[in-house]
Amino acid sequence: MDPLSLLPLARATRPSLPVAAAAAPPRSGKLRACGGGARIAPTRCRRAARLSASAVAAETPRTEDAPSPSPSGQEQFDWLDQWYPFAPVCDLDPRAPHGKTVLGLDVVAWFDRGAGEWRVFDDACPHRLAPLSEGRIDDKGRLQCVYHGWCFDGAGACKFIPQAPALGPPVHKNSKACVASYPCVVQNNILWFYPRAEPEYKEVLQRKRPPLIPEIDDPGFVTVYGIRDLPYGYDILVENLFDPAHVPYAHKGIMRGIRKKEDPGRVDYDKEGGGPIKMKVEEANIEGFVSSQERGYFQFIAPSTLVGSPFAQPQEGKKTPRILLLFFCVPVAPGRSRVIWAFPRNVGVWLHNITPRWLYHVGQNLILDSDIFLLHLEERKFAAAGLDNWQKACYVPTSSDNMVIAFRNWFRKFCKNQVGWATPQVDQLPPTPTKDQLMERYWSHVVQCTSCSAALKAMKALEVALQIASVAVIGFLAIAKGTLVTSTVQRAVVVSTAVLCFAASRWLANFIQKNFYFQDYIHAYK
């Protein structure tokens, strides 16, 4: 069962919220993770020459201080005083560095074997700004830049410059040789980082934590993780995830709507199963909002976390089925975003144990594909109209749009319809590429997913093996004709085997292309 298919079911009386407050005090003991724990990195070095989140953060008020009001006196959301998800730890190989862009900031995550922790650095070597994400982990467990071999420890300090004479001045100890290191933590099996590297933020975890989802750490639950880059911006991503009414139409043939039987006066029905969705937005403030619905709830924890459930809160003494729909929306750059999903559930556990993770991703990527082109073009229409005119340009008269409206109000009221990028960004959308480039899966998902990468490698090997087998069988028939293969039936069996091997290789090649590279979705034929 694909938990994403339950999105249209998320309608209910809101239960008590399962998400711990973002500023909850840290727990004692070690954090659980699927690839090694991570704590706040030790003392960090900074380079004044490198423009990073640290430089921009200097212009942003600290949370401990009084928030700066906007010209209208409204409190403004501080984008730099937040934790951002980097990736599920199960998709991070501790043998190599991993680069990503988050909030306009290029960062690299790597596993520090000496400390047994993940680290997040600026993705630029202080020598000539080469990307450290293209580097390696050396035999001493340090992050090595592969341009000139400079090596850095877990604190960002340079430990070795090959070009510096051993008996010469210790130039590697100069502060300019250090890399900015950001606070990071593994929580709920996801690596999070905080985009400020100044020394005063070294212990930020003591003051503020990422949102905690207790169900993920509950041994009675299983969780499917996934990650994908998307060719539209953060606000479009959040708005779309808060719009259950689009599901039976934009994802027709993949996800079904639940026909609403109780709708007095209705005489016109459609086969998609759409209908009114009652939802009530409450507790809206700068930290987000909650929407109670007919059979569940949804909560927005600004800026990244969306969590909802299609079931009511468990009652004491009863085992209630629980499935959480959890999305982390990451602003990457203008016109680009990233979604990380996690679907904790305590039902169908046996199915989870026998279903490979990549097979879940096949269906989940198809769902994302089916509205990518719509949302990419929609974003450009919003930009042409101006986000300040969103309420005037869009006609949203029904209750099913209430969460979309609530998010747009939050984005306008507390963010002035802008993401607070950590580095200077060109305030314009990238050009629209071809549809196959917009909907490609390999770079946007497969290379970031250990399960899909492994499955793709295995399938390609099997495809080659089937092709070789088909040729080998025909060769065997030619050599053994008149000796081992004497009857018509034997020849027919050998030829059939060759044909089946070749047909299987062609089918597998088509399966690989559609599920790991590109599959078009044409709404008119669904």
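A Cβ is built for glycine as well, from the same backbone N, Cα and C atoms used for every other residue.
Owing to the predicted nature of the structure, the values given are computational and were not obtained by experimental measurement.
Per TrEMBL, domain 'Rieske' is recorded for 84-193. Annotation comment: TrEMBL describes 52-74 as region 'Disordered'. If you look up TrEMBL, you'll see 461-480, 492-509 marked as transmembrane segment.
Mean predicted confidence for the domain 'Rieske' (84-193): the pLDDT average there is 95. Distant neighbours of the transmembrane segment (461-480): 491, 494-495, 497-499, 501-502, 504-505, 508-509, 512; these residues of the same chain sit at least 6 beyond its ends, with a Cβ under 8 Å from one of its Cβ atoms.
DSSP assignment over the domain 'Rieske' (84-193) gives 12 helix, 43 strand, 55 coil.
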